[in-house]
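Q: Got a structure here, written out as structure tokens. Questions coming.
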Ligand code: FCB
């Protein structure tokens, strides 16, 4: 019998071991995650789930253009239909609520809410109004990201994030959205992961718009951060009751050896991934080491820009996925040295929860004005299959438990972390990897649009229910 060992321990202490066997997720009793005000939610993004790209006056975005180009996205996938959330949003909100998730992080598609002349598109605005009103009716805390990478193509045609004017257009867009949606948004995030927009979009061409030049990357980053800084006071004026912040992805870089050169390489990796964004926001200056790594790429910065960019934040959103082990490349930079024998996900990313804890505690000592933090994304992709109506995503359950334990350790070490959003509520269009990579805690069958709650989501729901029931 497979259960011999458990039968023995059951006999000694039935309640505890039964619970452990049935539930590999629930955090230990002393974890801060039991605090009722620690927000647990799930995240999505417009282009990854909405579909309906031609409906109700939505304009093309850079991701429509990019994904239509052969060879840019795995299997030629596009976001044209995605999870059809634009039509299924009511059922999706019911599903979110049925899981007991307390927070929902979504993004607005800029090309849905403004026409090419910059005038409001009522039909697009109404979609988000209906969605946010329903979320509020369900008592769900709403985090709204204004820019999760779907830039209107007509702005890209005028230079996109290489054109300083795009930052001002973004502030106009933030103005419209915060006037229209005030009262239904608990927290506004200006940008999602400017590192990806600037570096993957303009530096190496892996993402839309697909340009590849180091100088483009730093200039695009500057305009993205400027857009953020210009939008902040607008959001504050129009919607004073909500929190305002930005979401940054962070990467852990570890050195392949104790040599000074490899240590320096790991430092430069983290400068490129973290300090490039966090230093301007929290110190008002770009890290000079960045330009040692990429000589001659200093962006054009006008007087006052750094002050605009470094205005105080109410929160900082942090997205964390994996670490990269690096060595010196023998010149000014670093090269990846993938470790053997470590656990990896469907993306090939290493499962490394300590990286999240170490980065968070490191930021607390580096940035004395570190704002309260929300983990706005964390999760993993696995090749999940529905078998007899169930999805047993064992690796994800362990991944989430380990990363939540890392968050708890960071809280215990004094970092002010107020919540955590699973990436993602449901499987969706994973950018250059299309639909093959499944990040959801809910499975999506793209041929029928049927949603199936995975085991990970059931266990998160069970924990939330237990937490809620506590006095
Ligand atoms: C992040 C993105 C998110 C999703 C996850 C896996 O970089 O913000 O949209 O693709 O990665």
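Yeah, the Cβs are placed from backbone N, Cα and C, and that goes for glycine too.
Any TrEMBL annotation is an automated prediction that lacks curation.
Not my notes, these are from TrEMBL:
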- 1-23: region 'Disordered' (REGION)
- 48, 148, 192, 321, 423, 430, 431: substrate binding site (BINDING)
- 193: active site, proton donor (ACT_SITE)
- 377: active site, nucleophile (ACT_SITE)
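Distances, neighbours, how buried they are, the whole picture for these features please.
A: Residues within less than 8 Å, Cβ to Cβ, of residue 192 (substrate binding site) and separated from it by at least 6 positions along the same chain comprise 45, 107, 145, 147, 148, 149, 247, 317, 319, 376.
Around residue 193 (active site, proton donor), the C-beta neighbours below 8 angstroms that are at least 6 residues distant in the chain are 149, 247, 248, 249, 319.
In this structure, residue 377 (active site, nucleophile) is part of a beta strand by DSSP. Within its own chain, residue 377 (active site, nucleophile) has 43, 105, 247, 249, 317, 319, 320, 321, 421, 423, 424 as residues 6 or more apart in sequence whose C-beta sits under 8 angstroms from its own.
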Q: Enumerate same-chain residues with a sequence separation of six or more from residue 48 (substrate binding site) and a Cβ-Cβ distance below 8 A; give 'none' if the list is empty.
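A: 79, 82, 83, 148, 424, 428, 429, 430, 431 - these are the non-local Cβ neighbours of residue 48 (substrate binding site), listed in sequence order.
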Q: In three-state terms from DSSP, label residue 48 (substrate binding site) for me.
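A: Residue 48 (substrate binding site) sits in a helix per DSSP.
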Q: With every protein chain in view, what's the tally of Cβ atoms within 10 Å of the Cβ of residue 148 (substrate binding site), excluding that atom itself?
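A: Other Cβ atoms found within 10 Å: 24.
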Q: Using DSSP with the three-state reduction, classify residue 193 (active site, proton donor) as helix, strand or coil.
A: coil
Q: Hey, for the substrate site built from 48, 148, 192, 321, 423, 430, 431, who else sits with CB inside 8 A of the CB center?
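A: In sequence order, the nearby non-listed residues are 45, 193, 377, 424, 428, 439.
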